[in-house]
Amino acid sequence: MQVDDSKDDGLNGAKSFDFLGVGDISSVAHNTQECFTTIESYMFLTQKCRRERNSQLSEQIYVFLCGMGLDVNEALGNHIVPMLVDCEALPLAFQLFKRLTMVSEHAWTSLILGLANDGQLQSALDFYQSMQDEYVQPSSHTLVTLLKVCAGLNAVNKGRSFHTDITLRGLETDIFVCNTLIHMYAEFNMPLEAKLVFDKLPCRTVVTWNAMIAAFAENGLYSEALRLSDSMEKEGLSPDVFTYSCSVKICSSTGDLEKGRELHEKVNCCEFKTDIFLGNSFIGMYAKCGSLSEAREVFDSLPKHDIVSWSALIGGYSEHGPYQEALECLEEMQLQGFLPDTVAYASALRACANGGFIEKGLELHDELVKKGNEGNPFLGNNLVGLYARCGSFSDAFKVIHMHSACDITAWNALITGLTEHAHFQQAIDCFKDIWRHCVSPDNITFACGLKACSGVGRVHEGFELHMHITSRGLEQDTLIGNTLVGIYSRNGLIPEALHTFDCLFNKDVVSWNALIAGYVEQDMVNEALQCLEQMQVEGILPDVATYVSMIKACSDIGLDDFGVRLHLQVSQIGLNKDLTIGNALINMYAKFGALSQAQRVFDELPVHDPISWSALISGYGELGFVDGALVTYMKSQEESVSFDCAIYASLIKTFHSLECFDMCKGIYMEITKRGMNNDVVNNALVDVYAKSGLIVDAQHVFEELLTPNVISWTSLMAGYIEYGYYKEALRKFDQMESKGIFPNGITYACILKACGNLRDIYRGREVHMETTKRGIDADQGVSNTLINMYARCGVSEDAHDIFDNLLLRDDVSWSALISGHSDVGNHKEVIESLDCMELCVSPSAFVYASAVKSCGSIGAIERGQGIAQQLYKKGLDKDLLAINSLIGMYSSFGLILEAQKIFYSLPSLDASIWSSMIQGYGMNHEGGMAVQCFEDMQKQKVKADAITFTCLLNSCSHTSLISKGFEYFRCMREVYNVIPREDHYTCVVDLLARSGKLLAAEYFTEMMCPSSEGAWLTLLIACRTCGEVDLGIRCFEQLVTLNARSAAWYAIMVDIYEDDGQFDDATRLEDLRKHLGAKKKRASATIEINKKIYEFFVGDNPDNETAFMLESLNSRLQKNGLMDNSDLEKETPTHEHAEKLAIAFGLLNTPQGVTLRVTKNLRMCDDCHHASKVMSKVERREIILRDNCCIHHFKDGVCSCGDSF
């Protein structure tokens, strides 16, 4: 073929191809003589095809030219190769390349670029070496391509080699090349090398500045990037869209909302105001910083939206809430014709997970299945995360097992969800399952596994996992190392935490934060402060998490001054505007009671999130400022703050504690109106109603739950237990397990508490075995409750076994042991345990309160006064529980004036303090003072509760204020809105019995509390006092029906028969008791002498001195005619009652005139009561004896009880 290479014809030919598109090239071939007259014409055609990236046309051209034999033409062939590369026909390009005898630099470069774009980066470098072997000199375009390849391969040495080559070729001032160099060094995480290239440029374009700004930003040098942006403008260059976008992303990464707003204001004054790319950047920045109102404002101001705009907004709502808004945006987006992409769906699933919207999540899952997107790994992982966060683990397992698309991220989400819901054993099992599914765990998996081991209390398994991590060489992984430090420190294993911390090669701020948080968790505030100082000495600047931990420490232990200093410090470094720190400060000042300061912090925050509002409302609520809480909540509604379900649940609890019941209903209506009436809120309502004693309402809401979970069941059971419905709680526990819902540690703790209160050791052991089987027995909370349960059931050995095997014996563990012993009456063990505890752990006010109670129970006045001094010395004298115990102790010693002194010294009194004082007056037969105390309580506008009325009615009963007692009982419901309970009914029975209305008492018991052992026992005792045999028999029958194995009723009924002379019936009943195995509680009495407790039991053989004292005492009583022979014949020194033994021992071992204080575990008998009166007169001693009925103050032959007990 003859080709005319004339220039004019070439130009004409080129013009003739302007009309060509993607038509059939063969149709043009017929006009070859007219159109394809020069090589230049074909070159123009290849260039046109390259511009259009038309793969079909490029192959047609290639086939056509091959058919004409022009493909191997040197000039044309070197144009065809780049055309084929650009049109993604790389194999054809290489096919032609091999046939060409001479290949131009342009063709070589095109092939290198083609390999790079195809992901064959190493092949691209190898191909460049072939180019060098052919002695083809690279152009700047070649080198730019190679620099990009090196960046992709992270080939630092190769990249530097090309940099040297660029310098040798004199291309270091080439803007195009240098821009790529800067980008390459940025990818290598070598921003300083990039800056050297940048500084050598004599002339910089906007693209150059952008490259350098991006290099700093990508390597976390945000301040330098922003300074560079400012310098660019000072040199007279105007930022473009990319410059602004990069700066906005920096603000997003640093959370610098103020700088972001400043940039936004600048953009609004230039031509980029409506640019959608930049607008999307601002939406993302505001959304990430939590300012969703501003994000929405930018979104609404854009002239048009794309999928990125919607996804950024949905992502912001899904991260910060209101989560419902994310779902509403998704619906609105679809209504406007946009199909959600993977990012939008993933954000919506996260919103469902964070908001607990399980039903909406199920809808989205169905939608993904219908659209065929369910197999997307990213979405599959988010589905698992949704189900795991919402506690729907069966669905999470289904997604993992049915879809192979799920990777280690999904397993991590599942294990995290199980851990968050306290299903630690299942989390450990799941961790082990990963290996069976041939999925390789990553550092996040190991971190989750460690947390699960920590949660279940299996420290040894945590150690084993730590060793496994070490064997895999992952101990230096920062995430795993930080997790280990956090777990060890939070579990009190400080030496292990410090060892792991010291072994970390790279200690970042998270490492220090983990150690500080652990110290704070263990109340080791001084160590946390030292840690804070040391990290700064080592050049690690505290971040938001550091300050939040320290602020929390100040909040928890009341470090007012240091908290204020922290506030000043964060203000000086500009972090006081940070939302997370601001929320922590609000909470801190609220706990300090400094609500004005909390309000000031709130007002100074540039933006508020739902947590800010909730913290302030809760602060007002906890301190009882009803108006402040209400006003703040109303303002939040005026500003259209949309709370999520969890915060709404918290608000319901806050307003319920303030007795703002209408507001609770209003919030509930708002939740219902917004379609958020889900299980999270209903769980809160169940909890609120249950804690308030509104068990019927709690049960009603519980039954409305769509899928009651372990939290729902546990809240209901906790309510039953709180108000004494222990058996019903156990029934609910059985129902829960029958429905396949696994109890968690809190559930087991509740049920064990019920077993302890019922003294049901058999059921308690069953639950213990179940916790062992499920691997929850090592949970610290469960272990502590087990200790308390066994102690309350009187099985001290088992309680101490569990206690001794605890790896960490904290204050709660000691409290469980001591309070359990105290509740069951093992008072000596309480005092002994307290002595041991003080050697290793500083007792809390609760422990001291239990010990004081025990001292009062056994008459250990000197020991009790010593504990009281400790309370005052440690500043615990403001604790209400401790104060109550002191008032109770002094009252039980008969030291009512000491109790009054404490009572009147208090700056403020709540219902529990008033109740204790009323009870103290009643115990000491000061009925008039008890009534006056109650009246004073009403004048002070302190609301009486159920306990107050129990104390008041008991006081009226024991001091024979019968009519007053009836008056208060009638007013309970009508005036004070207190619903009578079983103990109140028992008091009424006692009032009726003491007024001689025994039949009325019987009728009242049958009508109001037929299943109350206390009421029937009270009436049975009254029958013994009044000699009512027939009524006594009826009461006895009722008691036996309720509990056939209690020896108390048998003993009293035997006394009734004997007093009536029915000795045969008494004998038969006593034989029946023995046959049934109803063991009598052995009578005992204690007395304290020189800080030592002496205990005596009925029938004890006294020592010689005490026996002699008793004989001498009896002889003197008989000689003075104070007791007749029949009384003395009942008791010989070897058969004396316990209280007489204790009194005789006291007389023998104390100086004349010292008051004797004796405590008896059972009711005092008439004979001993009479003998004690006589002894007080003969020995001229005051004898204060407390039995399980009241306090007897014997003086000069008279008892304070007036012989009515």
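Cβ atoms are placed via backbone N, Cα and C, with glycine included.
Under the heading domain 'DYW', TrEMBL lists 1123-1204.
The annotation repeat 'PPR' is assigned in TrEMBL to 104-138 (among others). Restricting the average to the repeat 'PPR' (104-138) gives a pLDDT of 87.
Taking Cβ pairs closer than 8 Å, the repeat 'PPR' (205-239) reaches residues 175, 178-179, 182-183, 185-187, 189, 191, 194-195, 198, 246-247, 249-250, 253-254, 259 in its own chain, all 6 or more past its ends. If you look up TrEMBL, you'll see 205-239 (among others) marked as repeat 'PPR'.
Marked as repeat 'PPR' by TrEMBL: 306-340 (among others).
Here TrEMBL flags 341-375 (among others) as repeat 'PPR'.
Under the heading repeat 'PPR', TrEMBL lists 407-441 (among others).
Tertiary proximity for the repeat 'PPR' (508-542) is limited to same-chain residues at least six positions away from its ends with a CB under 8 Å from its CB atoms, namely 478, 481-483, 485-486, 488-490, 492, 494, 497-498, 501, 549-550, 552-553, 556-557, 559, 562. Here TrEMBL flags 508-542 (among others) as repeat 'PPR'.
Taken from TrEMBL, the feature repeat 'PPR' covers 709-743 (among others). Taking Cβ pairs closer than 8 Å, the repeat 'PPR' (709-743) reaches residues 391, 421, 423, 426, 679, 682-683, 686-687, 689-691, 693, 695, 698-699, 702, 750-751, 753-755, 757-758, 763, 774, 776, 981-982 in its own chain, all 6 or more past its ends.
Panel annotation: around the repeat 'PPR' (910-944), residues 880, 883-884, 887-888, 890-892, 894, 896, 899-900, 903, 950-952, 954-956, 958-961, 964, 968, 976, 978, 1186, 1190-1191, 1193, 1200-1202 of the same chain, lying at least six beyond its termini, place a Cβ under 8 Å from a Cβ of the stretch. Annotated repeat 'PPR' per TrEMBL: 910-944 (among others), in sequence order.
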Using DSSP, tally how many residues of the repeat 'PPR' (508-542) sit in helix, strand and coil.
26 helix, 0 strand, 9 coil
At a C-beta cut-off of under 8 Å, are there same-chain residues at least 6 beyond the repeat 'PPR' (407-441) that contact it? List them, or none.
377, 380-381, 384-385, 387-389, 391, 393, 396-397, 399-400, 448-449, 451-453, 455-456, 458, 461, 710, 742, 744-746, 774-776, 779
